[in-house]
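Annotated domain 'FAD-binding FR-type' per TrEMBL: B:5-107, in sequence order. Annotated [2Fe-2S] cluster binding site per TrEMBL: B:Cys247, B:Cys252, B:Cys255, B:Cys263, in sequence order.
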Amino acid sequence: MKVIKIDKNEWASGLEKLRSAYELIGPVKEKFYHAFQSLESGQQPDMDYINTRVSPKYVIYPQSELILECSLNENDEDYKIYKEPEKEYTPKAILGIRPCDADSFSLVRRNFDTEEYKDPYWLRAYASTTFVGLACDQPCPTCFCSSAGSGPYSDNNLDILLADNGDHYLARVLTEKGKKLASAAGWSQEAGDEADQQIEQKKQEAESAIQSSVKTDKLASQSLLDLYDATNAIWEKEAFSCINCGTCTFVCPTCWCFDVQDEVAGKKGYRIRNWDSCMYPLFTMHASGHNPRGTKVDRLRQRFMHKLKYYVDKYENGIQCTGCGRCVQLCPVNIDIRRICNMLNSYDPESCTCEVTAS
Amino acid sequence: MVNPYIPYPVRIDEIKTETEDKSLKTFKFVFLNPEDEEKFAYRAGQFAELSIPGLGEIPIGIASSPVEKGFVKFTIFKTGKVTSYLHSMKEGDIMGIRGPLGNWYPWDLLEGKNVVIIGGGFAFTTLRSSIIYMLDPENRKKFKDIHVIYGARSPGMLLYKEELEQWAARDDLNMHITVDGTDDPEWKHHTGFVPTITEQEAPAGTEDTYAIVCGPPVMIKFTQPVLDKLGYTDDRIIMSLENRMKCGIGMCGRCNIGKEFVCKDGPVFTLRQLNQTPKEY
């Protein structure tokens, strides 16, 4: 694999060259927190950021997205006939995305790209995006990527992986998309023989800096119904403090649930999909008023069972979590997916206990 | 890439009020583009999303049968925003349907078997589709004895009354119609709840007898012990579920029962399958 060296001043000038071919998106500091934003001409991404509050999932999967539109003018030939709106999928590059966030797209893809149905909006946006990752050298105390199938130097779903090496980046160019972007930016300086070893060493240092982890080895062999039925041992205690605010689902890079709503403006009808959350009672409420997940215990259980058991069983490809730690940081009542994951992993229905105690 | 969110445009060809309280109407739709009808090829037991531009979509079981050509039918209970609006629509109006969605009753498995259809209230729609399918001259010989047990609150609340009478008059179908109660002295069918009539009329649950059960939760709750008693094992009891849905294609995430989606892996499940999932329906 080719490693190239990008001096930081070349990085800045390279980005300017990319602008004619790509929309650039990168981390920008907004008041107190970082967010991924479209970079204006001359604006540089802040590559010293730790991580953003909201994940960059919106770049592929906007929080609110028009999916169909139609005329509501009776004189029009296509009156009330929904059609796909014309949309441009111009090439985008997400700069400085963390490996955990990049990996989340490969997890989410399993939902939107299936044998029977393909979600054209997600897939087109994904196909037009180049992922330029930035390896993590300063993980947060809430990070547990290395035990969640990702890692601070993981290159899953990345086109280029950058490692910050003082006055320059060492860049692993991983895919054709990555090659194309590097050449458009004019980054071509070979990094030399020791580069691979340097990256490897930084990777080991970063991995050893990660302080927290989850145990997932027994999740697949646990009985789905036993875990579901651990109401007294786990779910009621964990849900006790939950206020169903939905913050965990909105900041999560791997939460994909959506709602579909119709709106009318003037003589046009629009069908729009919006992020939704399993934390809200309306999510599952029937028109009759019956609600299969009518209590917050049901809803909290759904979120964690989905990520840690249903997904594990359905795709046989690990948990639906990359260990970014956002939900742990931002939950107003300190519900911690790491604790719940470890409880589910070690749960023993015979004794109704797990190694970790519910708080 | 086929966009699974785009409905086929249809015109409302006919609207029929089914019940005395006017809460149920059957809509017959004709596709604006004839080629869409071919793309909409379905099996009895599937559902579709009915789409009213500017208002929303609702998942509804297909009441017409694959052997009926030139149209599709849905019987709709007036209950929420979209269904209430639909009840105010007129013949000739344009809307959309998206599908067919979900799985169907296991017709291959049911070949050569006795089939008992047990339905209650307005959940009878995909059962109508199934009965018409099985009674089709080409198909009737594929099945052994067919029993249908169908109940509603009162005679005026039964769906498809004319067809019910036609089926009752046939000798290749055992039709058991019942109502919870009636003061009609002319009423010539059963009186009593569906579980009671099932106990009286359903055949024993032998190895080649399958029950398809579709109705309100209370009917299912009391019918199941009756079927147990008659000897139906959980893999020979077939049910159709409903849950709140949006996408209908297994992506929006709300209709799951455990790792199964009612919209894509269902709505048809055997009781055995349901016994292995959380009861979130």
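Our numbering is plain: 1 for the first residue shown, then up by one each step along the chain.
A Cβ is built for glycine as well, from the same backbone N, Cα and C atoms used for every other residue.
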* Residues close to [2Fe-2S] cluster site centre defined by B:Cys247, B:Cys252, B:Cys255, B:Cys263, Cβ within 8 Å -> B:Met245, B:Lys246, B:Gly248, B:Ile249, B:Gly250, B:Met251, B:Gly253, B:Arg254, B:Phe261, B:Val262, B:Lys264
* Pull the DSSP breakdown for the domain 'FAD-binding FR-type' (B:5-107) and write it out as helix, strand, coil residue counts. => 14 helix, 44 strand, 45 coil
* Report, as a single number, how many Cβ atoms besides its own are within 10 Å of the Cβ of B:Cys255 ([2Fe-2S] cluster binding site). => 27
* Asked: Once the chains shown are all counted, how many other Cβ atoms turn up within 10 Å of the Cβ of B:Cys263 ([2Fe-2S] cluster binding site)?
  -> 28
* Asked: Fewest other CB within 10 angstroms, which one of the binding-site residues B:Cys247, B:Cys252?
  -> B:Cys252
* Per-residue pLDDT averaged over the domain 'FAD-binding FR-type' (B:5-107) comes to what? -> 97
